[in-house]
């Protein structure tokens with residue numbers, strides 16, 4: 001086994017990478033509140049895993065979406081557990097994201113030279129809220145339908161571009177199959193990809209600049 005490890009280590013310098021990760025200096029002022037960002041990331045991983053599992057059974061059509069969710073909850077082995085994990089980790093992700101933003105703001109973690117880290121964090125916060133908005137509609141029940149209708153109707157108040165923006169979000173004049181397809185694509189592909197990219201940038205900047213000092 002050691003020969004296999006040595007072979008990879010000679011080519012990839014695994015030991016050096018491991019030493020760098022495990023020997024990073026942690027300032028003495030760091031407390032449990034500095035772990036909230038990591039909890040948010042953990043919730044995201046749970047979302048990805050449970051959401052991926054549900055894509056095998058969910059059908060993104062206005063006629064079958066609700067029935068497919070019921071099927072997941074009642075007929076799929078541990079489907080109720082997977083969807084419950086997805087639901088509660090989503091709520092936890094939003095909560096911990098808000099707490100993380102407050103912690104960073106109150107401790108001055110947004111100040112020079114960490115402005116870009118703050119910017120990527122704000123973008124991730126927007127992605128998190130967008131996950132909630134798009135995911136809420138996917139069961140396509142009465143609550144989801146009317147939530148989509150209200151949310152997509154908000155831009156209509158914007159002068160000039162309001163109406164075209166509403167039509168772009170809905171995929172037409174009214175809320176229907178095109179709307180559900182758009183929200184499903186955003187929820188399962190676009191937003192996870194954007195979140196992963198900005199999380200990577202966020203983590204790399206934290207790794208490079210370290211944890212901000214005390215007030």
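Backbone N, Cα and C atoms are what each Cβ position is placed from, and that goes for glycine too.
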Swiss-Prot annotation of transmembrane segment - which of the ranges 69-89, 90-110 it falls on: 90-110
Candidates 86, 100, 187, 202 (binding-site residues) - the one closest to residue 35 (heme c binding site) by CA: 100
Outside the transmembrane segment (116-136), six or more residues from its ends: residues with CB under 8 Å to it: 40, 47, 90, 93-94, 97, 100-101, 104, 109-110, 143-144, 147-148, 151, 183-184, 186-187, 191, 194-195, 198-199, 201-202, 205-206, 209
Pairwise Cα distance for residue 100 (heme b 1 binding site)/residue 187 (heme b 2 binding site) [Å, integer]: 23
